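K.L.:
Structure provided below as structure tokens; questions to follow.
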Amino acid sequence: MSRLFEEIRSSPLLWLLVFVPVVLGVEIVRPDAHTLLFLLSVLAIVPLAALLSLATESVAERTGDAAGGLINATLGNLTELVIAVTALAAGQYALVKASIAGAIVTNALFMLGACFLLGGLRHHMQDFNRTGARLQASLLFIATVALLIPSAIVAADNIDNPEAIQKLSLLLALLLVAGYVLGLWFSLGTHRTSFASAAPAENHHVPLPIGLALVTLAAVTVLVALVSHIFVASVEVAGAALGLTPAFVGFIVVSLVGGAAEFASAFAAARKDRLDLSVSIALGSAAQIALFVAPLLVLLSYVVGPAPMGLDFWPGAVVMMVIAALSAALLTAGGHSAWFLGVLVLMVYAIFALTLYVLPLSQ
Amino acid sequence: MSRLFEEIRSSPLLWLLVFVPVVLGVEIVRPDAHTLLFLLSVLAIVPLAALLSLATESVAERTGDAAGGLINATLGNLTELVIAVTALAAGQYALVKASIAGAIVTNALFMLGACFLLGGLRHHMQDFNRTGARLQASLLFIATVALLIPSAIVAADNIDNPEAIQKLSLLLALLLVAGYVLGLWFSLGTHRTSFASAAPAENHHVPLPIGLALVTLAAVTVLVALVSHIFVASVEVAGAALGLTPAFVGFIVVSLVGGAAEFASAFAAARKDRLDLSVSIALGSAAQIALFVAPLLVLLSYVVGPAPMGLDFWPGAVVMMVIAALSAALLTAGGHSAWFLGVLVLMVYAIFALTLYVLPLSQ
Amino acid sequence: MSRLFEEIRSSPLLWLLVFVPVVLGVEIVRPDAHTLLFLLSVLAIVPLAALLSLATESVAERTGDAAGGLINATLGNLTELVIAVTALAAGQYALVKASIAGAIVTNALFMLGACFLLGGLRHHMQDFNRTGARLQASLLFIATVALLIPSAIVAADNIDNPEAIQKLSLLLALLLVAGYVLGLWFSLGTHRTSFASAAPAENHHVPLPIGLALVTLAAVTVLVALVSHIFVASVEVAGAALGLTPAFVGFIVVSLVGGAAEFASAFAAARKDRLDLSVSIALGSAAQIALFVAPLLVLLSYVVGPAPMGLDFWPGAVVMMVIAALSAALLTAGGHSAWFLGVLVLMVYAIFALTLYVLPLSQ
């Protein structure tokens, strides 16, 4: 237990944990202070995400290669998943879909662009030619495309048949999950060596002992769920008060908050000129959302939600996801990076954010 | 002649030739058994396509390099062409367009993905970095884009002016055919050496003697035309009975049936770790449809069809073709392949098929 | 001064300068001869653009590396800018937007394709693998995407809120200009060495003396403005008389006319097997339009135009720009070129031109 406190003391990000009891307290005392609750819950989720990531990595490290890889692969986006499931249970499907689309775009553009920029500020020109990075980019492109086909075709053909779309979404979700399972078999089984090399060195933390890690994992997941509940309940009123559309909150705020822990790892790797690793975290996480989190949420909507949720995104989100996946594929295909490339990618992300902020999108 | 029987006896695929007389017989005895005729005609076309491919290759081989290349290049998709011309004469333009779009998508995704998968099951990681493969991918991308521009712009701008679209389609068809002729001059003339190296080794058959090959070519083309006639006449009623939309039949069934012979060659090459050749067959065939078969059908529609046919595809088909060409270009640009990449590409193809199966597309 | 005449005598293109006094004279004598004025103004702008380019290069060369680079980067598309500002002042926003879109497409397809073709006619296979070219292609792709996001999302979501779109366009223009300034710092500052190597050798002209160059720059800019004024005033009536839509004139005619000088440099480099330089001129110029000229025109519309101009292009233009940027990125990623690739790229450009010529586009 003292190990955990030590970890917290040495990491400034974890000091934000103080906001967890604060937000839970305010929720009891002043349940109608939506804007305050919204801001406090955002501040509370960031350190919880970091702690969750630490616990997941520790469990993964202590359970050996194969099982550890499986745990990392399934729990890597646990924060995003818990937030989305909470929104799902509340029937806020627009928020769920925005957070899926936003997580893909944020990982593929913001995380990648910031890695290029941060790495480029220290190093004149960075290379990342290795096979793994390119494979990952192809994987992300195909995964995103697979997720988007129904939305694209529905939009292109102006189809208005909710039942058929729902049936297609369900079949598609099953197909994507099957693809994800095969992907695990690929990266943890037949082609483990191609992927394994990069991972271990990433971990600059000493892993937590297995018992503590499991308890932390369970306890923090519960805390994330509690705070997410407050977040989801307050987001609509608070968003309106702050002048933010639900699309902006789901797309930008949720994904920046939920991905904070991964950003920290990826940025650190970029600064150390280990851009292969940064690219792999960014694209791998984006692909995981498309292949695993998104279809899982569709399947869970049959159990948790008030009604089945489909995979039909609003057309603007489709455009953004396609552009993000294409940009990531083209930029990483080059194999070189310099700071200005990072600026440009961040600019595209900023334009997305601006568009979502300014335009009254019909979700 | 005994050479031909020998060829048939040694190749299990050709045993399906028995369905040719069966379908022709059933057509006479029970012309209203649409579903049966549909299934039988599908089974009959597959071996005819294989035989046609064998005859074409034999003629090509016996007539020397330049003329042979020309024959391979123009008759390589003869089965698809005969089926499409039959549908054209019957005025089934939706079927024709679906089969053009489907052939491009099937070659660029199904054939390529299956090659990656089959090759990857035998070989841990496959490379195909050579110049020819990349040139071919660029060619396919540009060819597909060239074919799609009018549809994309018509869809984007909501243009509703059939006469202008028809005029544009005719001009475009002439331009594409001119581009194809220049392409032949490129691959058979100025840059023959870049392309020739791969081709000869492909041929594991002993070619038929020239006389027999020519007779086979003529006779089998007539048989394909006869069976296609039955196929086209039965497809609509049978499709409805089997719960298949015309879009699904044209897009998926026709292209899988018509391309069977090419699939066999490409798959064999992939298993022998000759992925350059597989990629070249898949992308080359897709590009040939876009640059040659599609515009040729537009031109033929002025002679054969009840009315001129335009190059305006329905928006969903445009989306699928663009995604297929982009995926092929990105995946082959990487220059590496492993089995899971094949799974992902096949997944995209499966999603297309699922979408066409489930959604009531407005062709 | 005699140096200038010498330059004119030695360059056949500059003989067209005779049309400058002719068009100015005809404008006074027969101000209603719109078609004649249109044709004469086109003929007059071509040599003025060449002269402007010569003067710009001379000033750049005489003022040293950093300042010279800055001048080249900001005045490189001066002709296009002057024509567009004239159209802006006349309130012809459709023409302005068509000329922005057309300049990007013409540089990325026509210039690139013609370089591939002209280079390929002399050299069997050309390589251009160097880092700079790929960086430039990524830059063009991202820049184009950045410019297009609002249009794409407006089109996808059917948004009809002119005020919000205008606000977004203004914010976006500021962001793009900021990006451009950072880009200058990148190419002239931190990464000068990566870009500088290619530039000097390009200049086969002896630069003009600085005084003469500055006077020429000022005088020719005034002449371009005068001729542009005639061009813009006559284009609508003349276009209708010649059967050309404003979209065709803005997209094709203006960009071919305005870019003539750059084409000459790029083509010469391609023939000398310096394809790196050709690609850099083509993609660099296209990126400059997207990142600098387009947002500058939006900002200028608040000062010069009758009303603010937005960055919402008509959907067909969006499709064309995306295809052009993607094609350029994919073709230059390959790193190889042969004449037929040039033919295909030019074919895509021809199809764009044909489509704009035939279809009654709703700008």
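In case you wondered, yes, glycine gets a Cβ from its N, Cα and C as well.
OK, TrEMBL features for this one:
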DOMAIN    A:35-188  domain 'Sodium/calcium exchanger membrane region'
TRANSMEM  A:35-55  transmembrane segment
TRANSMEM  A:67-94  transmembrane segment
TRANSMEM  A:100-121  transmembrane segment
TRANSMEM  A:133-156  transmembrane segment
TRANSMEM  A:168-188  transmembrane segment
TRANSMEM  A:208-232  transmembrane segment
DOMAIN    A:213-357  domain 'Sodium/calcium exchanger membrane region'
TRANSMEM  A:244-269  transmembrane segment
TRANSMEM  A:281-301  transmembrane segment
TRANSMEM  A:313-331  transmembrane segment
TRANSMEM  A:338-359  transmembrane segment
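Give me the lay of the land around each of these features.
P.N.:
Remote same-chain residues near the transmembrane segment (A:133-156) are listed as 104, 108, 165, 168-169, 172, 175-176, 179, 183, 194, 276, 279-280, 283-284, 286-287, 290-291, 294, 310-313, 315, 317-318, 321-322, 324-326, 328-329, 332-333, 335 (criterion: CB distance under 8 Å, separation of at least six residues from the stretch ends).
Note on the transmembrane segment (A:281-301): residues 73-74, 76-77, 80-81, 84-85, 88, 93, 96, 100, 103-104, 107-108, 111-112, 115, 133, 136-137, 139-140, 143-144, 146-147, 169-170, 172-174, 176-177, 179-180, 183, 202, 259, 262, 265-266, 269, 307-311, 324-325, 328, 332 of its chain, located 6 or more positions outside it, place their CB under 8 angstroms from a CB of the stretch.
Packing against the transmembrane segment (A:313-331) from elsewhere in the chain are residues 97-98, 100-101, 104-105, 108-109, 112, 116, 137-138, 140-141, 144-145, 147-148, 151-152, 155, 247, 251, 282-283, 286, 337, 341, 345, 348, 352, 355, 361-363: each is 6 or more residues past its ends and has a CB under 8 Å from a CB in it.
For the transmembrane segment (A:338-359), the residues of the chain that approach it from at least six positions outside its boundaries are 105-106, 109-110, 112-121, 124-126, 244-245, 247-248, 251-252, 316, 320, 323-324, 327, 331, judged by C-beta separation under 8 angstroms.
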K.L.:
Counting by DSSP, what is the helix, strand and coil composition of the domain 'Sodium/calcium exchanger membrane region' (A:213-357)?
P.N.:
121 helix, 2 strand, 22 coil
